[in-house]
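Peer 1: Annotations for this protein, taken from TrEMBL, read as follows:
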BINDING   GLY92, PHE97, ALA143, GLU144, ARG156  S-adenosyl-L-methionine binding site
Amino acid sequence: MDYTAFENTAKALFPEITAEQLDRFRALDGLYRDWNSKINVISRKDIDSLYLHHVLHSLAIALYIREQMPELYKTLTAQPGPAPAATFLDLGTGGGFPGIPLAIMFPSAHFTLCDSIGKKILVAKEVAAACGLANTETVNARAETLPGQYDWIVSRAVTSLDKFMPWVKGRYRNGIFYLKGGDVVEEIALTMGRFNLPKGSVHVWKIDEAIEDPYFEGKLVIFIESIKNREK
């Protein structure tokens with residue numbers, strides 16, 4: 001998928017997308033190609049599939065929020081105010097995924113992009129700056145040493161869910177959006193049992209039901225709802 005194909009897909013999926021947002025998405029190709037020639041943040045075999053495998057995959061979270069949480073989506077896509085409408089932590093962002101595409105899509109939210117590998121977080125920082133994303137910051141840290149609390153956490157399959165959950169314990173108010181693929185039934189059952197997650201707190205959404213492309217077959221958005229949020 002080249003940029004033109006991505007733009008056509010993005011306009012179909014997100015009719016409200018603006019010219020400014022599309023300009024930022026367009027810039028990603030050159031920025032990542034340039035940085036990838038210096039620091040290998042994306043597989044060199046995969047760089048030609050940047051828009052399909054990385055950008056559009058990241059935006060599956062935006063599609064999930066729009067479908068399942070329309071009021072939140074409306075808030076996140078609004079013009080930014082003096083304070084962030086919501087805070088997101090992208091844990092294990094690598095070169096900026098899913099955080100940078102989501103920061104472009106959600107201008108009223110603030111995204112903290114975190115990774116333990118300094119070279120990767122440098123790329124995320126420079127790409128975000130080149131795109132003029134004032135709603136992002138980058139942190140070079142291990143998950144377990146990261147201070148603070150966020151409204152939401154996003155991540156892209158950095159590990160199995162049962163290993164991921166201890167890293168984010170006490171760090172989110174509302175929930176986790178996790179991009180993952182394959183058969184996750186046993187993994188979810190293990191996670192729910194180990195961390196006493198109540199029935200109905202873990203939601204699985206098939207990306208290929210929203211984006212018709214063979215790449216997304218078997219790929220999922222897993223949403224883990226905060227127990228405190230469920231009790232409200």
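The backbone N, Cα and C atoms fix where each Cβ goes, glycine too.
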Peer 1: Counting other Cβ atoms within 10 Å, pick out the least crowded of the binding-site residues GLY92, GLU144.
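Peer 2: Output over binding-site residues GLY92, GLU144: least Cβ neighbours within 10 Å is GLU144.
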Peer 1: Looking only at GLY92, PHE97, ALA143, GLU144, ARG156, which the record lists for S-adenosyl-L-methionine, tell me the maximum pairwise CA distance in angstrom.
Peer 2: 20
Peer 1: Which state, by DSSP, holds ALA143 (S-adenosyl-L-methionine binding site): helix, strand or coil?
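Peer 2: SS state of ALA143 (S-adenosyl-L-methionine binding site) = helix.
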Peer 1: Give me the count of other Cβ atoms within 10 A of the Cβ belonging to PHE97 (S-adenosyl-L-methionine binding site).
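Peer 2: Excluding its own Cβ, the number within 10 Å is 26.
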Peer 1: What three-state class does DSSP give GLY92 (S-adenosyl-L-methionine binding site)?
Peer 2: coil
Peer 1: Which secondary structure state does DSSP assign to ARG156 (S-adenosyl-L-methionine binding site), in the simple three-class scheme?
Peer 2: strand
